[in-house]
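Sequence annotations record features per position, and here TrEMBL assigns signal peptide to 1-21. As annotated by TrEMBL, GTP binding site applies to 27-34, 73, 129-132, 177-178. Per TrEMBL, Mg(2+) binding site is recorded for 29, 34, 51.
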């Protein structure tokens, strides 16, 4: 196995090998999921109609070719989220940091995802978007309001599985998809969890 890892590492450095991964973009409607996807794929954002059902796109970062599933965040489409749990390598949960009135709803959805047994081994990035908007909750406040401080951290040992703990990392970061601030750093963290 060590020899295979060494060989694949050489191919990767030469640009002859790319890892494939699937990432699920979730969050309430108007959080910026489609904007993030288009920022990553096209390098730009524009106005988008609310996502109905699912957008599927590919983009590459850090030697990984991602297939991204951007699933609609309106309440009527959230039942589709679970259709993708079994096949994803990472989840990016996007929160509109400026929509303080919906933090409770976002918290409920996020906690349901974090507690879902199908996702216990999947790394989670909680991305506080729209940090550029006046009045947006700064990241520490967002973390406290979403009540996720206790789950943030790196992977845990397999022995902790019996305690019902997550086996994968959970990270919270702030960004502005519109201004392209924090997006690259966020996705590099996702890459580090998959590689």
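Just so you know, glycine gets a Cβ as well, placed from its N, Cα and C.
For the pair residue 73 (GTP binding site) and residue 34 (Mg(2+) binding site), the Cα-Cα distance reads 10 Å. Reported as a whole number, the C-alpha separation between residue 34 (Mg(2+) binding site) and residue 27 (GTP binding site) equals 11 Å. Across the binding-site residues listed here (33, 130), the residue whose Cβ sits among the most other Cβ atoms within 10 Å is 33.
When each of the binding-site residues 31, 178 is scored by how many other Cβ atoms sit within 10 Å of its Cβ, 178 comes out lowest. Less than 8 angstroms from the CB of residue 27 (GTP binding site) sit 33, 73, 93, 94, 95, 96, 106, 109, each of them six or more residues away in the same chain. Around residue 132 (GTP binding site), the same-chain residues at least 6 positions away in sequence with a Cβ under 8 Å from its Cβ are 176, 178, 179, 181. Cβ neighbour count for residue 73 (GTP binding site) (all protein chains, 10 Å cutoff from its Cβ): 24.
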